[in-house]
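Participant: If you look up Swiss-Prot, you'll see CYS50 marked as active site, nucleophile, on the strength of sequence analysis. The substrate binding site annotation in Swiss-Prot covers THR49, CYS50, ASN51, ARG52, SER109, GLU114, PRO115, GLN116, GLN120. Taken from Swiss-Prot, the feature NADP(+) binding site covers GLY189, ALA190, GLY191, GLU192, THR193, ILE194. Among the features that Swiss-Prot reports, site 'Important for activity' is placed at HIS99.
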Amino acid sequence: MTLLALGINHKTAPVSLRERVSFSPDKLDQALDSLLAQPMVQGGVVLSTCNRTELYLSVEEQDNLQEALIRWLCDYHNLNEEDLRKSLYWHQDNDAVSHLMRVASGLDSLVLGEPQILGQVKKAFADSQKGHMKASELERMFQKSFSVAKRVRTETDIGASAVSVAFAACTLARQIFESLSTVTVLLVGAGETIELVARHLREHKVQKMIIANRTRERAQILADEVGAEVIALSDVDERLREADIIISSTASPLPIIGKGMVERALKSRRNQPMLLVDIAVPRDVEPEVGKLANAYLYSVDDLQSIISHNLAQRKAAAVEAETIVAQETSEFMAWLRAQSASETIREYRSQAEQVRDELTAKALAALEQGGDAQAIMQDLAWKLTNRLIHAPTKLLQQAARDGDNERLNILRDSLGLE
């Protein structure tokens, strides 16, 4: 059994590739079923966010394992293998464990130490539990990563400063508009990232917030919290002209805001500028919108410079966190190795018990037939001893014949011989 982590993220692939490799929530079960149908895969978890798509797997070792899994990923998303290989990373066993712990702790995030990723990892794991998780080692690896992430957050200052993609989006808005108290903001979506954006905006006393979402009930809960108006996604075209700032983050596979829609809004606004921050993957706003005069479009990749500015105070904490991850990875791998030994021990004990039961049954049968008890017990002891020491004796003899003193000493130690 081998543990694997493979995928792409914001450091290895542009958003144009990440959106093609992402797994939409409504097709995740289908993807997991397809993945687990691969003969080498024993268990799997798919983590797909704005900034990464990763597969965490428990697999049987085989020739061309990497090629087979890359081929599956490319076939599933209709991708060119060469395009994917340039951006793909591949971690195995110790490195896979360490990678997951770093991801869950926010150490591999676009925003160092951001807490949202832990919830996303937990959801990915929960989704895999719906009839898809088959490997206890993989399950244990995820459970361990959750406890490591909690330890990192409580024992270090990794989460001390408020930096996230949501915070960066609001920072960008404050840099462009002198005061948010005079602007109208349209939020498209009502997921976790938009919730954070809305709360940041409320803290900065934005004049008016409008939330557009496919599901009105979810949007209304957020709107009640932050004092916003709720509209349907189908109303975005009509209401877009009211918005000075548009921040969008949905799970839509296709763009929601097109170039024509923004052109009409700008015309109604008499070309007053609009800031559009698209933090969705796949993108919610057509890239061509950025070519329009007075439309300032930023994607998740464009937020990098803002985020980088806020990282200084987290870097020292990250060093401490990396030490924790290294320690916990080492402990997990020790547990994993012990599991392998435990299976061997169980097999060895079971074999010895079979020999014992077989010889004991024969001895009891002989006693029932009136045989001499002392002779039967001596015969049982002699046969039991010979059967149990037969295999170790052959190994000792072979090591001696080979002149392999190191193996001979290992066997002596394992048999408790001084």
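Placed from the backbone N, Cα and C atoms, the Cβ positions cover glycine too.
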Participant: Sequence gap of 6 or more, C-beta under 8 Å: which same-chain residues meet both conditions with respect to SER109 (substrate binding site)?
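Facilitator: In sequence order, ASN51, VAL103, ILE117 meet the Cβ cut-off.
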Participant: According to DSSP, collapsed to three classes, what secondary structure does the residue listed as 'active site, nucleophile' have?
Facilitator: coil
Participant: Can you tell me the three-state DSSP label for THR193 (NADP(+) binding site)?
Facilitator: helix
Participant: So which one is it: of the binding-site residues THR49, ASN51, GLN120, THR193, which has the fewest other Cβ atoms within 10 Å?
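Facilitator: Output over binding-site residues THR49, ASN51, GLN120, THR193: least Cβ neighbours within 10 Å is GLN120.
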Participant: Using DSSP and collapsing to three states, where does SER109 (substrate binding site) fall: helix, strand or coil?
Facilitator: coil
Participant: With an 8 Å cut-off on Cβ distance to the GLY189, ALA190, GLY191, GLU192, THR193, ILE194 Cβ center, who else from the chain surrounds the NADP(+) site?
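Facilitator: For the NADP(+) site the neighbour list reads LEU187, GLU195, LEU196, VAL197, SER249, THR250.
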Participant: How many whole Å apart are the CA atoms of THR49 (substrate binding site) and THR193 (NADP(+) binding site)?
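Facilitator: Rounded to a whole number, the Cα-Cα distance is 11 Å.
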Participant: Where HIS99 (site 'Important for activity') and GLN120 (substrate binding site) are concerned, what is their Cα separation in Å, rounded?
Facilitator: 15
Participant: Taking the residues THR49, CYS50, ASN51, ARG52, SER109, GLU114, PRO115, GLN116, GLN120, which the record names as binding substrate, find the longest CA to CA distance and state it in Å to the nearest whole number.
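Facilitator: Across THR49, CYS50, ASN51, ARG52, SER109, GLU114, PRO115, GLN116, GLN120, the widest Cα separation comes out at 15 Å.
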